[in-house]
Structure formats: structure tokens, C-alpha cells
Amino acid sequence: MASYKLLLLPGDGIGPEVAEGLKTVLGALKETGLASFETETDLVGGSALDAHGVPLADATLQRAKDADAILLGAVGGPKWAGVPYENRPEAGLLRLRKDLDLFANLRPAICYPALAEASALKRDLVEGLDIMIVRELTGGVYFGEPKEITSLPDGGKRAVDTQVYTSAEIERITHVAFDLAAKRSGRVASAEKHNVMKTGVLWKEVVTRVHAEHYAHLELEHVLADNCAMQLVRRPKQFDVLVMDNLFGDVLSDIAAMLTGSLGMLPSASLGAVDDKGLRRALYEPVHGSAPDIAGQDKANPIAMIGSLAMCLRYSFGLGEAADALDGAITDALAGGARTADIATEGTTPIGTKAMAEVIAQALKARVG
Ligand code: NAD
Ligand code: IPM
Ligand code: MN
């Protein structure tokens, strides 16, 4: 059995708690013989700031570059509210994404059969839901320059963020979306605001061209991002693969999360380009944040983190069978009635983070053994 080098970056708030849950599952994977890992752990976000004075130390970035894959919990929290903008915990995560060129963020929103009642929407709207949000992750308003606050002569201030996209950046994320769609229903919806933004005009133009040149046999629909938000709540199953820029992807994936029952359910994969050896850099992380309101209470749902490991098995290591077994173990745990507080519905008694990870680990062993 090959052994892969994983870098664990638990981060802040509930990050370390869901990362502990992840370790339980890594142990079970090894026991079943499905996959084996060498793991190193390091600091990111507020915890790195406390230890090193920066939210991502250069040595950690180097370790991230040397790892076969990175698993990250979450960063941020009220403790660091007063630190300078450049050093805020979130800047550590953004530097990882940018410096590793992890431009393609895959955020699958799947409504597990047992959780249809936990969704914010009615059962028939979400039952069987399986959409894939493809979020551009290294461009747009997150990184565009200028980005500043300046003082005005009248004593007021002026804040600027800059949304920038090149055609090359839009092209590569469009390829990711269509390549995924080709293995799914063959349908891509591209969300932008070409009615207001120049980047939206270019986005629509490039997506249209890439579709016509390379994927004319697949279906493309353009949807304005505000309408897309509404359609996600009105009739989410109309969508299969959705592709969008960095900021729209951030916002619309939190909406999609609630269709599945909780933000604690959504995993993600942030992928770089495939190199000549067929390898790619990758970071896997839950879509949720550090959840300061429940941190340290063994209440966090570890499924988004554990689901991110399943994505790692699939996308970084080609271990489809192990990934299916892990996704299946999550399905089994939920079908057996295991619920953390965020997804608890009438008739279920919530269990903690550790217990949920343990139930999933046992379900995995039961599937394989
Ligand atoms: P959040 O995602 O941390 O929490 C939003 C709500 O969802 C909270 O009520 C929280 O309790 C709940 N929630 C989130 N994850 C959960 C889980 N696994 N189980 C159960 N409930 C869960 O968003 P926020 O409160 O807006 O942000 C808190 C901090 O996290 C901020 O500093 C923000 O920048 C950061 N953040 C980090 C990431 C990341 O590291 N990738 C993502 C989002 C937000
Ligand atoms: C996410 C988070 C991050 C983002 C923050 C923490 C920088 O909200 O991964 O969804 O905005 O991309
Ligand atoms: Mn977000």
C-alpha cells in the first residue's frame, strides 16, 4: 500500500476539533488497508499568528509545497479582530491558495437521503440534490489591486477593492467545469453579472468561446448571479455543475450548503493545474469557518472535514474505491441516525464531534471488513 504525505493544518476555532475527527478516520482507513498516510501537523491562521507573528510561516508554506496534499480545518475568530489587515488569520489561507496556484475550488452540495428533513428547504426540493459548484479561487476581487483605504480631504475615507480577471484565468476554470460536467449530467451553468461588470462581460464571452471550441456536445446556460442565488433556493435541482468567480462562489456555496442541511456538511477541494508528471497541488478543506459560537464545545459537525478527505482520496490519489467507501460510511452513519446538533431533527439526539467521527470510522470498517 502506497503511503502519502499529508500536511494537516487544523487552524483555529472548531478547526482543531474537526481535524481530530479526521485523524480518527485516517486511523480507520489505515486499519482497513484502504490507504495509508504519513501526517505532519503545522499551524495556520490565528494559531500561527500567536506562535510566529504571521498567519502562515514561510516554513509552513514550504511544507505545504512538499506535501502530496494538504488538509485544512478553518481559520479566523474574534481573538484576532484587532490585528492589522495584512496579518489577519484569513490572509494565511489566501496566501496558501495563491502561492500554490490552487485556482479551482470544487464545492459539491449533496443532500444525503437521511438529511432531507434537516434542509432549510422542503424535502421534495432537495431530495437527491447533487450539484457541484466550481469556484475560481485565485483571482477576482480577492486579489485584485488596488485594494486600499485612503483618506479624503473632507476627512472621510475611500475604500477600493478591484475585481480583475484575465481571459486565461477564466479559460482554465471553464475547462475544469466542463471536464467535470462531462462525467456528470453534461450541463454547466455559468453565473456572472455581465449586465453590470466588465469582468462579467469577459467571463460570459470566454465561457461561451471555450464551450463552442471544446465542449459543443455539452450544454451551457448563462445565468445572472443574483438570479442564480434565487434559483438555488427556488428549484436547486435544475443545476448540475455551476461555474463562477471567486466572490460569487464564496457566497453561493454557503447558500448551497443550507440546502444539504448545514454548512457543516460541505467539503471542498482546491486544485492546481496538472503538471507533466500528472501531479497537481491540492488543498482540501471544509467550506465552513472556525465557528467561534460553538468552538471548544465538541459540537461541530466533522462531516465537511471528513468529506474533504474523501475528495482528497479521489482527486489527489486516484483512490476512487476508498473515497466511495468513505462517502458510503458517511451515508451509513447518517442513515443509522447519527446527528450532530446542526443537523439534528425531531426524534434524533445530537452527538458530539468526536462521537460522530467515531461512528463514521466504525461504519467505514464495517463496509470494508
Ligand atoms: P462560520 O462558517 O464559521 O460559521 C457560520 C455558522 O455556521 C455558525 O453559526 C457556526 O456555528 C455554523 N457552523 C459552521 N461550521 C459548522 C460545523 N462544522 N458544525 C456545526 N455548525 C457549523 O462563519 P462565520 O461565523 O461567518 O466566520 C467565523 C470565522 O471563520 C471568521 O473569522 C471567518 O473569516 C472564518 N472563516 C474561515 C473559513 C476557512 O477557514 N475556510 C471559511 C469561512 C469563514
Ligand atoms: C471560504 C472562506 C474564505 C473565503 C475566507 C476565510 C478567506 O469564507 O473558504 O469560503 O472567503 O474564501
Ligand atoms: Mn466562505
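Quick reminder: no glycine exception, Cβ is built from N, Cα and C everywhere.
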Original post:
Looking at TrEMBL, Arg97, Arg107, Asp226 are annotated for substrate. Which of Arg63, Arg135, Arg184, Arg187 sits in that same site?
Top reply: Arg135
**OP:** Measure the Cβ-based neighbour count of Gly77 (NAD(+) binding site), defined as the other Cβ atoms within 10 Å of its Cβ.
**Re:** 21
Original post:
Relative to the Cα of Ala81 (NAD(+) binding site), which of the recorded positions Arg107, Tyr142, Lys193 has the closest Cα?
Top reply: Tyr142
Original post:
Which binding-site residues of Ala81, Arg97, Asp226, Ala291, Ala295 contact ligand 1 in the sense of C-beta under 6 Å?
Top reply: Ala291
Subject >> For the recorded positions Tyr85, Tyr142, the one whose C-beta sees the most other C-beta atoms within 10 angstroms >> reply: Tyr142
**OP:** Please state whether DSSP places Arg135 (substrate binding site) in a helix, a strand or coil.
**Re:** strand
